[in-house]
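**Q** Here it is: the structure, laid out below.
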Ligand code: AHG
Ligand code: MN
Ligand code: MN
């Protein structure tokens, strides 16, 4: 057995590939691609304050939001890296209007995997030196190998995911992922450019004392959510809870998974499905949460049961410690 501090991500991927039910070598190569892109984007994020590459790029993405240059750059790096490995047949990204089909004119290609990414999550935090992240989600295609991918390959429920994870570009850079066998976290040693296993078998505490929500939207929330927020603030038992909201889902999720807590992005009277995207943000986080013993819900049922209708679909999101998610569901449903 390897010493924890000496086990690198590359070694870990190989050592665990037999536990994976599909052609494991391919998934390992795919994860190695993500590891490489993560290092490249980390380098760019780290120097964001030094060079004049930040700020709005002038484009707006399909959600009508201002794109900042690092979003574009991260998007390019991940897509380039994933395209070049002859494993991925299709990519969909929060920053692209439509999905990308790879090798669609080569009938002999054997690429089986679909990747969905939020290349830069928390982009409003770039200009102010606050942690941002990347979120990824991996599926097997459902259409036959050797044919061009179709929308059907992308619109799979989250329960079909075979791997998911995130990179957090924070005080240190970490890559956290699951292939359905628990959640493991790796920290980048920037001097060596190597990720080391630092957080083996991560577990969401069953309950916690942190709630994360943009309370500026309070008056627009459904009554059940308002009541739950008041419940969090009430002095009773282990309450009041502490409010912590970074505004990068990746960072809020990461903290809550370590300390115990709940992240909420409810629907509101101004955004009927909230803000977060089912395919790029909610499903991968839900897979990680459940693999770590936590829970993810839209207020009424599990996120990963939802059958997506479109690529950029949004969904209300409640995710974190199991008991806390169950509590907010109770409030919403009553
Ligand atoms: P992105 O930067 O990929 O658009 O995602 C931002 C998301 C999420 O990371 C964050 O928690 C949330 O939007 C913040 O939204 P508000 O500013 O509306 O609270
Ligand atoms: Mn995001
Ligand atoms: Mn993004």
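Cβ coordinates come from backbone N, Cα and C, glycine included.
Feature annotation from TrEMBL assigns Mg(2+) 1 binding site to 94, 118, 120. The Mg(2+) 2 binding site feature in TrEMBL is assigned to 118, 121, 281. For 121, 122, 123, 124, 214, 245, 275, the entry in TrEMBL reads substrate binding site. Feature annotation from TrEMBL assigns domain 'Fructose-1-6-bisphosphatase class I N-terminal' to 8-200. The domain 'Fructose-1-6-bisphosphatase class 1 C-terminal' annotation in TrEMBL covers 205-332.
Describe the structural context of each listed feature in the structure shown, including burial, neighbouring residues and relevant distances.
**A** Taking the Cβ of residue 118 (Mg(2+) 1 binding site) as reference, residues of its chain lying under 8 Å away and at least six apart in sequence are, in sequence order, 93, 94, 134, 135, 136, 277, 280, 281.
Other C-beta atoms found within 10 angstroms of the C-beta of residue 245 (substrate binding site) number 16, with every protein chain shown included.
Per-residue confidence over the domain 'Fructose-1-6-bisphosphatase class 1 C-terminal' (205-332) averages 98 (mean pLDDT, predicted model).
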**Q** Using a 6 Å cut-off on Cβ distance, which of the binding-site residues 122, 123, 245, 281 come close to any atom of ligand 1?
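**A** If the test is a Cβ under 6 Å from any atom of ligand 1, the answer is 122, 123.
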**Q** In whole Å, how far is residue 121 (Mg(2+) 2 binding site) from residue 245 (substrate binding site) when you measure between their Cα atoms?
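**A** Approximately 14 Å lies between the Cα of residue 245 (substrate binding site) and that of residue 121 (Mg(2+) 2 binding site).
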**Q** Could you say which of the binding-site residues 120, 122, 124, 275 has its Cβ with the most other Cβ atoms inside 10 Å?
**A** 120
**Q** Specify all same-chain residues, apart from the site residues 94, 118, 120, whose Cβ lies within 8 angstroms of the center of the Cβ atoms of the Mg(2+) 1 site, ordered by sequence.
**A** 71, 74, 75, 93, 95, 117, 119, 121, 123, 134, 135, 280, 281
